[in-house]
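**Student:** Provided herewith is a single structure, encoded as structure tokens, for subsequent inquiry.
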């Protein structure tokens with residue numbers, strides 16, 4: 001399994017803020033495992049840390065803005081995109097302003113700084129968000145949609161469509177993160193000339209100019225109005241003779257590539273690397289945030305906390321009751337007691353002792369409980385959960401059909417108490433049960449697995 005990564009050393013970038021026009025300095029620092037991305041406002045009397053997660057998004061008008069209490073940070077998506085694409089899992093970003101520097105309007109300088117700083121592998125494994133089924137999300141007006149499809153790696157594609165004679169339909173695709181630096185990172189943000197004055201009136205883009213954005217002139221305006229717009233930005237007015245792009249493009253489809261860049265940056269706020277393909281129709285920060293917020297809710301719903309195991313507490317099932325329900329016997333009965341049981345979950349315990357037969361050969365000099373026995377112990381817990389809810393349990397047997405996404409995170413050794421929490425992920429239908437199970441030792445996950453079982457009535 002791939003390990004988490006952080007920066008080998010810090011890096012610092014400085015530049016103007018797109019919306020505030022302030023001179024801003026951002027420093028990206030290495031961070032311990034499982035930190036994720038944290039943004040620290042260091043310009044305040046007391047620095048404030050804001051987790052870069054979708055549930056903290058508060059605005060999406062012209063960039064992604066996150067907020068904790070009354071403290072905001074905006075225009076974070078380009079930096080997030082570069083970190084996510086580089087495979088950085090843990091990073092603390094210190095910034096001395098309420099937004100990140102816009103630099104040239106792309107992620108180019110962030111990506112270059114990450115590469116120069118280097119990456120350091122950490123001790124814990126990456127925790128992926130795995131797209132297990134097709135999911136489609138649409139905006140309220142139906143114009144924008146995002147579809148997620150199962151895949152073994154991350155990939156993304158974006159289609160943009162505007163009512164514009166200059167920028168109408170464009171398409172961009174990223175088949176592998178290995179292509180990000182060369183194909184996506186340098187794509188700049190863009191704005192239509194007709195949008196500029198409303199943005200200025202909204203007290204935005206104070207730091208905007210031709211050096212940090214593609215400017216699109218797609219509707220004829222009097223020269224006097226163009227000069228007024230340029231004056232509002234304290235910029236010289238370029239002479240525009242025809243409709244088109246005022247500054248030169250790096251690619252014919254640079255706007256679509258930038259939408260892909262933004263999409264990746266916004267999906268970085270899931271807090272997990274992704275295995276899956278994203279297909280985006282007319283993406284933007286608003287639809288991106290709608291999707292990531294919904295997915296974050298699902299991620300949080302599925303988060304598992306270690307059951308509290310008190311060895312002296314009275315079990316709800318002791319070994320004698322367990323033997324009444326399960327046909328297994330020593331040395332293959334791997335559940336000693338049940339501490340909790342509900343309609344769709346069970347918490348069970350296996351006490352690991354040195355005299356168990358598998359330790360004779362696994363291994364003589366370093367006894368380790370085989371990982372497959374962790375899975376078998378969870379399987380027996382599932383049997384107890386199901387059979388405790390039927391009449392005449394001895395007339396039923398539970399057999400496994402499929403085991404998926406098994407992860408063995410830590411060794412289990414003699415003296416450990418293996419605490420299992422196993423839950424149905426959907427109601428039992430036609431005798432089929434889908435299950436998610438976790439094994440814990442001292443509060444830490446040691447094994448997890450997804451399982452499908454069939455409950456059969458014996459003849």
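Yeah, the Cβs are placed from backbone N, Cα and C, and that goes for glycine too.
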**Student:** Pick from 19, 78: which one does TrEMBL list with 258, 262 for the same Zn(2+) site?
**Tutor:** 78
**Student:** List the same-chain residues at least 6 positions away in sequence whose Cβ sits under 8 Å from the Cβ of residue 258 (Zn(2+) binding site), in sequence order, or say none.
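**Tutor:** For residue 258 (Zn(2+) binding site), the qualifying residues are 106, 187, 188, 189, 190, 214.
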**Student:** Are there any residues in the same chain, six or more apart in sequence, whose C-beta is under 8 angstroms from the C-beta of residue 262 (Zn(2+) binding site), and if so which?
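**Tutor:** Residues satisfying the criterion: 77, 78, 81, 189, 283, 284, 285, 288.
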**Student:** For residue 285 (active site, proton donor), list the number of other Cβ atoms lying within 10 Å of its Cβ atom.
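**Tutor:** The answer is 20 other Cβ atoms.
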**Student:** Which chain neighbours of the Zn(2+) site, leaving out 78, 258, 262, have a Cβ atom within 8 Å of the mean position of the site's Cβ atoms?
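**Tutor:** Close Cβ neighbours, site residues excluded: 77, 81, 105, 106, 107, 187, 189, 259, 260, 261, 265.
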**Student:** According to DSSP, which kind of secondary structure is residue 285 (active site, proton donor) found in, if we only use helix, strand and coil?
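**Tutor:** In three-state terms, residue 285 (active site, proton donor) counts as helix.
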**Student:** Mind telling me which of the recorded positions 78, 362 has the densest Cβ neighbourhood, counting other Cβ atoms within 10 Å?
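**Tutor:** Of the recorded positions 78, 362, the highest Cβ count within 10 Å belongs to 78.
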